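**Q** The structure follows.
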């Protein structure tokens, strides 16, 4: 009997626990003001019930026939308790088979949850890839990256896409590259064989191609180096820079296996010395044209080009015919701080920007390096272009049917203005697009680009048209110092013809200009709707009397505009060199675009940057667009060192003009070694710590300043610093677009440590 009583007590306690648990679950629920009901009478009966019982009929539930959703007119939106009396009244109606008040349900995605982006990969340098994920060293830096991780989370990693790097070779057996190496995308045009392996030397001169390839396709989760932007893509290397470069070699490289290679990445070009004007030869130009017409089975090869590192030399990438080509996507750089680096060039042909190195103290780019090593010091626009190529590979995996012009439109329409808004020079063109001669249309946004490229919604852009505008009666116009030539160019943009243009893409101004000092010319073009673009800025170091011969100045700044109306060309020389003279001999305006507006452009561009929410700009230095008074050679030599008896206020007043204090002999010796490094033979012994400096302290002081801040000297054709840089960079006629001086400094620091 006692046993039976104990059993009953246990049973009662168990029921009590279950009842408490059920009520506890209900207590945690959030009931909403919605009731689902099954009503066999259909829509008419449901409407009648709603009117009689004080509900709003929200409609049928999905595809379920005779199932309807109601909202009560006098019930709160959410409640922790269910409204049993309302539910009972509804379910008691003879026309209702079943009724239930709705409540919130907790659901979680069945993906692997990571604590942070830092835990995504086991590659040791992944946490240093700040440009792919936010790993700010200080809170003052903006929270910015290229927004690649959300694309990876969709499973898009570059699979099936082939990229080749045109450079000085590829260490294809590198642990972090080998799994993604594609021999069919590789060739050695320097030695004329199928192996692009780089030539080793004591200075590791030929590391550039391997570094660029690593940025694109470093393998993920293999405990080596970092992670490539398109880490499941295939990558090849074209060895063509480690030897004599000819037009034929360039053409062969640019046009290598276009039926197999999707993207060509190039981080080199003519000398960025501020005085060279050069572009593709006849053969290379034909290779570009063939690539966009026949490459990728007629969809067009994607050519990605680094915009150039001649900023400190006052160079202008409109004088570089590779970045100035309508067939290339020209990519510039932004620093970790979201600012334009001191080496970056300004021009009207730059389409967009990705990240790279900035000031001496900023983080640089991580990649694979020679001898199966890794690096975190890849620099310059050399490092920016491969990141862009990797992003384009993600887009091609998402939509393999994109054409070469589709890719350019995607870049224009999704690149971000907001992350770089602190920089001067932004303007809105006639199509409502923000554009800047430093950054093109802004910072690449991988997620936005891939989302827009979705094959379910993307429509290929209309057929490309070309309209040539010229004045057959034009007579040569003379130009002198402090003078100007203004040419008004009315056009109907081939209206009524098969090649009529209503929506612009590229604009080319082809001209022959004879002038006694080419670098003093300034050329602007103003579109029919008023967008003014600098086609050529002055270049202090360009003293050539050769002018321009049928040179194409290209601009993307009027993208999306209607070209109909009067354009205005203005050529000036404000140098004050009264001996200057010349003339504009002939010209023509070449409009590229479409006869109808592309589908994605029928609604205005809305700038809703993902960075707007993430980026805390507090503490981020703002750039001010002012012209600083530049020191003359005389004043620089007279004020190099801060006197010991100078007052603190005087020192503070000169902070923008010079670094306080005398540079240490250790730093001067470091710079001396960097300048001398390329001149040393393989057998030359290292300089001893007590070696005498062969370059004056004053010149080092100037060089040290210009590592972080470019400037020119009034009253002299070239600065001493520029002379040293010319010597430093004179090893090859074609220049890698990394920062070799910074690389040399870093190498020496690493050796000493």
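Counting begins at 1 with the first residue displayed.
Cβ coordinates are placed from backbone N, Cα and C, and glycine is handled just like the others.
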**Q** Quick test of your reading of Swiss-Prot: among 602-632, 633-663, 664-694, where does it put region 'Disordered'?
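**A** Result: 633-663 is the stretch Swiss-Prot calls region 'Disordered'.
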**Q** Restricting to the chain of residue 374 (disulfide bond) and a gap of 6 or more, list residues whose Cβ falls under 8 Å of its Cβ, or answer none.
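**A** Non-local contacts for residue 374 (disulfide bond): 124, 125, 176, 224, 225, 226, 366, 367, 368.
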**Q** From the recorded positions 317, 347, 382, 467, pick the residue whose C-alpha lies nearest to the C-alpha of residue 208 (active site, charge relay system).
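**A** Its closest listed neighbour, by Cα, is 382.
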**Q** Fewest neighbouring Cβ atoms within 10 Å: which of the recorded positions 208, 494?
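**A** Relative to the other recorded positions in 208, 494, 494 has the fewest Cβ atoms within 10 Å.
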**Q** Counting other Cβ atoms within 10 Å of each Cβ, which of the recorded positions 382, 401 scores lowest?
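**A** The recorded positions 382, 401 were compared, and 401 has the fewest Cβ atoms within 10 Å.
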**Q** Nearest of the recorded positions to residue 382 (active site, charge relay system) by CA-CA distance, picking from 167, 317, 347, 467, 494?
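**A** Of all the candidates listed, 167 is nearest in space.
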**Q** If I take the alpha carbons of residue 347 (disulfide bond) and residue 401 (N-linked glycosylation site), what is the distance between them in whole Å?
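**A** The separation of the Cα atoms works out to 31 Å.
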**Q** Using Cβ atoms only, which residues of the same chain lie under 8 Å from residue 467 (disulfide bond) while being at least 6 residues apart in sequence?
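**A** Those within reach of residue 467 (disulfide bond), by Cβ under 8 Å and sequence separation of 6 or more, are 491, 493, 494, 497, 499, 500, 501, 563, 590, 591, 593.
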**Q** I'd like to know the mean pLDDT over the domain 'Peptidase S8' (129-450).
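**A** Looking only at the domain 'Peptidase S8' (129-450), pLDDT averages out to 93.
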